[in-house]
Amino acid sequence: MVPLLNCCQLELGPHHLLFPGAAPQVTLPGHPPVDAGRARLDGRTALPTLWGPVQEEAQSTSPQEGQRPWRSQPLPSSRLADAHWPVFTEMKDLLTLVPPLVGLKGNLEMTLASRLSTAANTGQIDDPREQYRVVSSNLALVQVQAAVVGLLAAVAALLLGLASGQGLDVVEAQVLCASSVLTASLAACALGTLMVCIVVGARKLGVNPDNIATPIAASLGDLITLSLLAVVSSFFYRHRDSQYLTPLVCVGFAALTPACVLIAKQNPPVVRILKFGWFPIVLAMLVSSLGGLILNKTLSQPQFRGMAVFAPIMCGVGGNLVAIQTSRISTHLHLWGTPGVLPLWMKKCWPSPCSTFCSSEINATSARVLLVLVVPGHLAFFSIVSLLESQSVPSERTFVLLYLLAGLVQVTVLLHLADVAVRLAWRRALDPDDHCIPYLTGLGDLLGTGLLALCFLAHGLLRTGVWPSSPLDPAPGPS
């Protein structure tokens with residue numbers, strides 16, 4: 001379920017794949033009318049030969065009145081986004097905001113789920129009064145983090161827009177900041193409440209919350225965050241002429257933040273996170289943005305046909321598995337170790353890959369189980385995607401093998417890094433739940449997207465014998 005829910009996040013982008021629905025005709029300068037449906041079906045030959053002439057013609061000729069140039073013409077999926085969420089095409093910086101906001105699931109919600117799971121497994125929430133103190137302080141902490149990181153994400157999106165040559169519209173900047181802060185706060189509130197219910201319920205039923213809460217936070221995080229972003233930003237964009245709406249929202253959250261800080265200070269461990277836990281969250285947000293940059297550069301390239309569908313699956317599976325392993329190792333250390341001192345059987349701060357996967361420790365056993373789940377999990381999701389998007393994704397055996405290899409490499413690297421990172425954090429008396437999961441999920445997004453791009457490039461080389469152009473290369477001119 002995880003990546004299937006995550007797949008919806010890319011349908012709002014302006015460069016998504018052609019849907020197998022209506023097939024409008026596309027007229028290109030100097031070319032006869034082309035049926036879009038046929039161009040999609042024969043995309044391996046039609047799109048690469050037409051793409052170069054189209055871009056040069058579009059840049060050298062000025063569009064007629066009332067008609068946009070080819071490079072600005074939306075694809076059918078973008079028209080669908082125009083019809084339902086036109087704010088994503090009207091505000092280009094909003095698309096830049098999507099990867100860091102969606103990445104908050106690893107920075108905030110999955111970290112919250114891991115902290116609550118550790119508290120449940122160590123008996124900290126068995127007493128009703130202690131349970132209320134732990135739950136309220138953690139929810140207040142997540143609200144503070146969401147408001148601050150949401151504002152930072154909006155500022156980063158505006159700076160990236162300025163760096164790419166876009167102008168700064170004050171009204172759109174206000175809409176962007178208000179949408180980011182409100183979306184992050186609402187998503188944190190909804191997912192945080194859900195995590196509390198799941199952890200408390202799992203504890204009462206005698207089930208380990210580490211195996212339930214963290215994957216659910218990962219699977220629902222993308223869907224809830226993106227849906228809220230679309231609704232909230234559309235509302236603010238429709239009422240952008242209102243002079244006081246967006247500033248009032250920002251001021252309101254700024255006024256609520258001190259109250260949340262006071263509630264969070266009830267719990268000493270949460271106070272330490274308030275003081276020293278910001279660097280992992282901000283850095284993880286920046287790392288996730290690099291993965292989003294790779295994805296944005298490849299969506300418009302025909303040789304990466306289908307990457308928009310597979311990227312959420314690859315990143316979702318890797319992020320879920322490494323978060324589960326990190327949470328389990330952290331719980332194990334809280335039960336059997338003292339912060340700053342590793343148990344005797346985990347004395348090595350830099351374990352080898354053989355120690356991570358081949359030893360007799362309980363953490364190595366769980367790592368092997370999670371690694372075994374990669375291939376059948378990806379095959380199941382690949383089969384479902386092939387059924388739903390049969391004309392939009394490659395289905396050759398070579399690509400399937402490369403895709404599975406990329407998934408195995410990603411999860412193997414992440415699980416080993418989780419073992420190393422948790423030990424290093426515990427050795428420095430840092431809570432791995434707060435300092436490891438953000439880094440690992442952000443790295444999982446970057447590693448998964450990069451390996452998937454290499455997978456498409458290698459598939460193009462093996463199929464045609466010619467290395468496809470890089471997403472950063474300029475489009476080829478007409479032959």
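FYI, residue positions are counted from 1 along the chain as it appears here.
Backbone N, Cα and C define each Cβ position, glycine as well.
TrEMBL lists 51-77 with the feature region 'Disordered'. If you look up TrEMBL, you'll see 98-231, 312-454 marked as domain 'SLC41A/MgtE integral membrane'. Annotation source TrEMBL lists transmembrane segment at 139-161, 173-200, 212-237, 243-264, 276-295, 307-324, 369-388, 400-418, 439-462.
Here the transmembrane segment (212-237) does not lie next to the transmembrane segment (369-388) in space: the count of CB pairs under 8 Å, restricted to residues six or more apart, is fewer than 3. As a quick check, the transmembrane segment (243-264) and the transmembrane segment (139-161) clear the bar of 3 or more Cβ pairs under 8 A, pairs 6 or more apart, so the two touch. For the domain 'SLC41A/MgtE integral membrane' (312-454), the DSSP-based tally of helix, strand and coil residues reads 113 helix, 2 strand, 28 coil.
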